[in-house]
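Before any comments, here is the structure.
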Amino acid sequence: MVKNPFSFRSAPVTFWTTVTYLALLIPIIIINEGTPPAPSEESPIRGTNLTQAWLDLSTLTRGYHPYNSHYNDDLRGSGSDNSEAAVTVFDDLSSNCTFLMSSGVAPAPNTPQVAAYFEGTNILVYIRGKSDDQGRWWDTAAVHDSKQNEKGLTLYFTRSENQPERGIVVMLNNGEEDYLYGARALGQHPLNPYIHTFLNLEGAGAGGRAILFRTTDREVTAAYAGSPDPFGTVIGSDAFGLGFIRSGTDYSVLYDVFGQRGLDLAFFKPRARYHTDQDDARHASKGSLWHMLSASIHTATRLSSDTGDTFIGPRSDGASGKVHNGSPSDGVWFDLFGKGFVLFGLRGMFAWSLTVLIATPLILMLLSYLLHRADKYYLFSSSVKPGDQPDDEALPVGGWKGFFRFPFALVVAGSLTIGAAFLMRKVNPFIIYSSRYSVLAMMVSLFYFSFWAIMRGANFARPSALHRVYVQIWLFILGWAMLVAVTVAEDRLRIGAEYMFVFLESSVFLSLFIALCELFALPKKNAWAQKMRDEQEERDFHRGRLHSPLSSSQIPPPVPNQESTPPGTRHSNHTASTPTIRNEDEDDDAAPTERTPLVGGNADPTRTTFATTYRRSISALVTRARRYSDSDGAGLHHDPFEREQAWSGRLPSWTWFLQFLLLGPFTITLAAQTALMLVDAVHQTGADGSSLLMPYLIAALGVVLLLLPLAPFVHRVSHHVPVFLAAVFAATLVYNLVAFPFSAAARYKVYFVQAVDLETDANRVCYHGVEEYVRAVVDSLPSASGRDVDCAGGSKKAGLVSCCFDGVATPPRLTAGASGGSGKHEEEGYGHLVAVNASRTGEHAARIEIVANNTKACFLEFEKPVSGLSVHGSSGWDERFGQYPDAGVKNVRLWHRRWDEKWVADVQWKDAEGEAASSSSSSSSFSDGDWEVLGDEDLRKRAEGLKGTVVCMWSDANVPGTIPALDEALRFVPAWVAVTKLSEGLVEGRRRFEV
């Protein structure tokens, strides 16, 4: 007989669950690790040239090109004439901004902050839309017409057949990497008020798929939804909104400050190559380039094709000073296998969540009530009486068996998995940096095996047919409690990242509904108890018959003779249907007749023997069985599975498969995609000083969610899979504990800076990172051999240490990269690199003039905060980024667009009593300490002065020999190390001043 392939037995459960997990996880991993293949043709979309775009990327990454480098200028001026239609190019060499530099953490009250002055060099390309006004409707300052020199996205829209419905502005942003300076400078450009939506192409990694990092609302996300290969989830958007991700992109300025609506499309891995010498075309792929380009073209086309009022009209927040681009709505979105894209409104999910919260418990309670009325609610029943008599003995039902197994198993297995995360953090915290799949495999195998062992062991000791339904009840309770928090977050915080829990609770409800409906197939509890009592009585009867001689009291009364007497016979006075029954009151000594036998007596002709008595007892059993079957419809030929409760034989054996389909595939897909995306995003952030525990906790929680759909069925999984996973756990645990965490493919990033004292010519080379690995880097450098290496905290990056040594063997030649510069002047000292002239312009006011050689960036650091700041040439303080702080500013970052140009900054400060003085000294007050002796008896009142330091940055390392310490590092550090800059400059030159 062929067994049901979907029955709830060990072999089918093991097969279907294992196949389902493998069929889902393998393609998800492949999609996560790969990129869509690049088209073989040169122009896969008419108007694009993938080959030319790849060559442009190769040119762009041929050298280091930060804002403060000569190669940046070279790239800005390069281009070729490839457009079919003229475009308007705004070569912005006039916009500048002075603003407050906010941080990801709100500053404490009365804490001095940081300000910046930046001169932009953005290039904006305006592509006229079909519905745009004709003519030059903008302010024509800084416009160069018909410079057709942009490629990629710009080239596509400049073709006549691809002209957008509404105009598009393509901004080639310069100065983004250091502090989003280019986007801030856009705020001063005349085109900015006309920009309603944006698509920001970003890079937080060096390849892979371009992820939809975050979006402002549902409507702009809909423009991305039809992309050929969508990739991303709303979780990233909410993580930014809640402050879990502190790094910023241009999105932060365009949306938060200017009020524009749009999207962030970004490369986000591998993080280890980001901002290193491997952040180039060689370590990228055409597939990555095509993935971003195709998504960009589709999204920009959809945004510019909206001719309605979706992105036009009054703002819903009523904010003044921001573009009027309509009323957005919050959205929830995620991709499926890199091909499908799900998008719906947050308010819709809130309504759905509220419905699930309220309706599902009521439905389940109603179903439970119906089961109770039908006397088939075996859950939570310990015993049942076979009758209504008080003296009836209650029979055990076993309805509580399996109730407490799931929470115990979940706590133990979850604790072991999270404990493994803490173990990794303690013993080998960076192993996830290069071996994230080994860590994930360890956690999956640990949770699976430990959870299975507890559930299988409990079911072996006390088999229960209610095991599955109890697990689903627990899942429903936990999911319902989680959904309460999710619903509050949806309504109050406008967060949609918890969509997975809404889907999970909905599927758990449907699965539990089916599980409760299964109970209708069971016999009534009272009927089952009556049957059990009858069977027990029969067993007791047979036990007595087999082990003791028959007595008259044990022998059932004889069955009446059914033979009828034919009419006209001797006993013809009886009807044919009337049995001949012996009258027990008759006299046994009746007078004999001539018919009386010679031997024997006048006994009843119906004789009782052992055989007839046995046949009569069997007949009684069959009669009772038929009566039980007729009363409930449940036969006696459905045996329970193994040693489960006797009443459970009628439970359907195939419904588990339907429940698994509801619980498994969709939840597994969402959990796997989300866990991989989050682990990919954070597993290499430990080198930046971020939490080393967080990646492991994310992996552990992702594993728990991934395997949770298996919980109701895991006790029927055979031992083969768990034992194999136990071996996997042992192997991966040993590897994760002892393996070296870095490799040439996943290099540890150390942060380099060389600090030069421009007054004493002393210089120190510093590497920032985790001390254990930084010391290994320093030990590999010839210039550090035999020198004292000081490692201490206080790094600009939290959680890292700074290891420094004397850089006398590798002095920088900071003018070598300049036009006509040779760097020979540095042999005589560094004093000529920066000239500072600080002079008083008032009692508490001063003018600081700075001239620096071969750099565009110099910073001011004051010992006490300044209450006023004005930079010559500035367009004024931009209050869109925050008002000037009452506590003042202690740091000012100054950026020029041209080399060797003078900065002039006027500053004011407050006296000891906290009042700013005017230009007249008569309004000042002084304490005794402000008097100093100028002669024998002459005293003069002196106002408080201002001390500070000018720090200039050099970032151009394209010419070998400019920064020998960096050249040495790139040549001699181990293959598992990548060197990148600590902050804005590779070399920092410091000069003090006082007024």
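Including glycine, each Cβ sits where the backbone N, Cα and C put it.
Topological domains recorded in Swiss-Prot put Ile127 on the same membrane side as Gln673. When Asn49, Asn325 are compared with the annotations in Swiss-Prot, the one labelled N-linked glycosylation site turns out to be Asn49. According to Swiss-Prot, of the residues Asn573, Asn853, Asn853 is the one noted as N-linked glycosylation site. Tertiary neighbourhood of the topological domain 'Vacuolar' (424-437): same-chain residues 29, 272, 679-680, 683-684, 686-687, 692-693, 695-696, 699, 735-739, 741-743, 745-746, 748, 770, selected by CB-CB distance under 8 Å and a gap of 6+ residues from either end. Residue density at Glu202 (Zn(2+) 1 binding site): 20 other Cβ atoms are found within 10 A of its Cβ, drawing on all protein chains shown. Each residue of the topological domain 'Vacuolar' (672-693) gets a DSSP state, and the totals for helix, strand and coil are 14 helix, 0 strand, 8 coil. Put plainly, the recorded positions Glu176, Glu177 were compared by Cβ crowding within 10 Å, and the winner is Glu176. Residues 24-25, 28-29, 32, 211, 233, 235-236, 268-272, 334-336, 421-422, 425, 429-430, 432-433, 436, 440, 500, 699, 701-703, 705-706, 746, 748-750, 769-770, 795, 797-800 of the same chain lie 6+ residues outside the topological domain 'Vacuolar' (672-693) yet bring a C-beta within less than 8 angstroms of a C-beta in it. A C-beta separation below 8 Å, combined with a sequence spacing of at least six in one chain, links Tyr274 (site 'Transition state stabilizer') to Gly203, Ala204, Gly205, Ala206. Cβ environment of His275 (Zn(2+) 2 binding site): Glu177, Thr980, Lys981 lie under 8 Å away, each six or more residues apart in the same chain. In this structure, the C-alpha atom of Glu202 (Zn(2+) 1 binding site) lies 10 angstrom from that of Glu176 (active site, proton acceptor). If you look at the topological domain 'Cytoplasmic' (1-10), the same-chain residues 6 or more away from its ends with a CB under 8 A from one of its CBs are 16, 468, 641, 653-654, 656-657, 713, 716-718. Long-range contacts of the topological domain 'Cytoplasmic' (459-468) within the same chain: residues 8, 378-379, 398-399, 401-403, 405, 515, 640-645, 648, 651, 656, 659, 712-713, 715, each at least 6 residues beyond the stretch ends and with a Cβ under 8 Å from a Cβ of the stretch.
Averaged over the topological domain 'Cytoplasmic' (371-402), the predicted model has a pLDDT of 83.
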